[in-house]
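Q: Feature list, courtesy of TrEMBL:
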TRANSMEM  23-46  transmembrane segment
TRANSMEM  52-70  transmembrane segment
TRANSMEM  91-112  transmembrane segment
TRANSMEM  181-200  transmembrane segment
TRANSMEM  206-227  transmembrane segment
TRANSMEM  247-273  transmembrane segment
TRANSMEM  307-333  transmembrane segment
TRANSMEM  362-381  transmembrane segment
TRANSMEM  447-465  transmembrane segment
TRANSMEM  477-499  transmembrane segment
TRANSMEM  537-555  transmembrane segment
TRANSMEM  567-586  transmembrane segment
Amino acid sequence: MAELHDFQDSDSKLRRDLSAQQLLFISIGSIIGSGWLFAVLSAGAVAGPAVIVAWVITAILISVLALNYAETGSMIPRSGGIARYPYLTHGNYLGFLLSWSMLLGGVTTVAIEALAVVQYAAGYVTTWTGVELTSQGDDGSTLTGTGRVVAVVVMLLFFCVNVFGIRFFGKFNQWVSWWKLIIPVLTFLLLFTVFDGSNFTGHGGFAPQGWGAVFNAIAVSGIVFAFQGFREGVNFGGEARNPQRNIFIATVGSVAICAVIFVLLQVAFIGALDWGSTGVAPGDWSGLEGSRWADQPLYSALESTGIALLGAFGVFLLIDAAISPAGTGWIYLGDTARTLYGMALHGSMPKAFARVGERTRVPWLGMVACLVAGCAFFLPFPGWYKLIGYTSSTAVITYLAAAPQLQVMRRVVPDAPRPFFLRASKLLSPLGFLAASMILYWSGYEVLQGVVATVLVALPIYALYQGPRQGRMPMSAATWLGAVFAVLWIATQVIGPLGTDSLPFLAFWSLSAAEVLGFTGLLWLISTPEGRREIRASNWAVALTMVLYLVSYYGAYGTAAAPLLPFPWDSAVAAALGLVAYYWAVGSGYSTQELRASLSGADDPEGARNG
């Protein structure tokens, strides 16, 4: 088990230099990344003009999630907090599973932002130098060898900004975020000058793909991905001067500001859509991702107008296409390093990841690990559109804990100070949980294949590393169990839809579920009483993930043209399952030793003085 004094003092070595404005701009800077540059096209390709509704729905869902996090984050401000809070209310098993999922989402986000910088730059780099950074193939635009080298250089830039230290990071990011706010606002204002209202009513109507596609667009086209930056106000909370006040301002304020910008951008983009310039037939919304506009959607929209002013502004947009993703990329590199930092403090990762530099006061080893892992993703996933659904969904799994952990803390530590108290939590907490679980479901069957396969790899890793190290089970038995499950799990995925697809889906899912159930049962048998309690407190998350995977195959977001569960009945079933899981999660949480230790040091002197 992690040493309690390590947990209590975990953030004392981190420099508390972030003001309310800096924390707000870290969240805004993380939200306004590559999402706004690409999602206006990819989301439109999925849902047509009705995608505007998807942006509004997502803003509401994320706001509810943010409110749940605001209470927990202001109550116990911690760096890497989103990854660390599940440990406090449900124990190490769930904490490790959700931290692993967040780690996957974070590392791939850093890679996506580097890909976005290179992909948007590819056109003018080729024009000016003749060097090809991307190539067109049967499956779209991918990085060339030179493009991958440039992407690695971009990743190194992210690393350098973080290693200079949190004070430099906060001030530098604040100026970059101002730029990132101004350019999108000017973009939609200029595009409104060529607004064509017929794009909203003609070409198949307002919802040409049906209303089910609106919800699918939320999860797979970059919309929820764009909003995920709200969490940085929580994750950098341990480095804020007055976390009790500033975390709330950063989380809720960033979502509200960016929601207005994103909705107006989407309206302006659809209104400015020139079908002839895209190279696809009018009304072929799904064809937009393979169109001439795919690599540079907003720049292409400006250029197609033939108006000198808009074309000239396109140069600034291209500059921003480097700055916006880069600004988000270096935030997520720091964020993911802090996830490793939090996992190390709980014994989920080697303690080396909890070390901070003597001079910079940042978890530099975690940043090195994230840098290397992010670069590795350039090999199998060399394109922005290829990674976006996976990245979003792995992160969303982590958000499943937001509402239950708030309610568990209300139950087990009712008298603890709460600088921000969420009113109407009996309504907003279930809605917050449904926000996360439904986004996960709406990501669809194809995305969930990869998500389930990689996220549940955390189960054998727990048995092989964290469980025995923390005295939850004997090393020898856990090693055998973890190794056998890992082999079986990988073999099953190889013959499943991600590999040879040799089994009917129901047989594949049943085999996978039996393996997970068998592993969980055997792990429970060899565990100590504390280990068993942690397993019981975690079963809801694994069960919900597996059941949503099953429903996704037979629902509107599966492979069948006429699904067994058509929209909206499939979403109703998923919502009902989500509510069951929510109350299961709330009931299974408990007062962990780490929670009690954390509360004993939650009111840090600096935050108290400034509050």
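A Cβ is built for glycine as well, from the same backbone N, Cα and C atoms used for every other residue.
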Q: Is it true that the transmembrane segment (206-227) and the transmembrane segment (23-46) have 3 or more CB pairs under 8 Å, sequence gap of 6 or more?
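A: Result for the transmembrane segment (206-227) with the transmembrane segment (23-46) is yes.
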Q: Checking distant contacts: for the transmembrane segment (537-555), what same-chain residues at least six beyond its ends satisfy Cβ-Cβ under 8 A?
A: 90-91, 93-94, 97-98, 397, 400-401, 437, 440-441, 443-445, 448, 451-452, 455-456, 459, 505, 509, 512-513, 516, 520, 563-567, 570-571, 573-574, 577-578, 581, 584-585, 588-590
Q: Let me spell it out: take the transmembrane segment (447-465), skip the flanking residues so only those 6+ beyond its ends count, and list any with a Cβ under 8 Å from a Cβ in it.
A: 93, 96-97, 100-101, 104, 219-220, 348, 389-390, 393-394, 397, 440, 473, 478-479, 481-483, 485-486, 489, 493, 496-498, 512, 516, 519-520, 523, 542, 545-546, 548-549, 552
Q: Counting a contact as 3 or more Cβ pairs under 8 Å, with residues at least 6 apart in sequence, do the transmembrane segment (181-200) and the transmembrane segment (247-273) touch?
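A: They are in contact.
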Q: Which one of these stretches, 91-112, 247-273, 307-333, 362-381, 477-499, has the most C-beta pairs shorter than 8 Å to the transmembrane segment (23-46)?
A: 247-273
Q: Among 247-273, 307-333, 362-381, 477-499, 567-586, point out the range having the most Cβ pairs under 8 angstroms from the transmembrane segment (91-112).
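A: Per the Cβ under 8 Å count, 362-381.
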Q: Where else in the chain does the transmembrane segment (307-333) make close Cβ contacts, counting only residues six or more beyond its ends and a cut-off under 8 Å?
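A: Residues 26, 29-34, 36-37, 106, 109-110, 113-114, 116-117, 120-121, 124, 154-155, 157-159, 161-162, 169, 173, 176-177, 179-180, 183-184, 186-187, 190-191, 193-194, 229, 232, 296, 298-299, 367, 370-371, 374.
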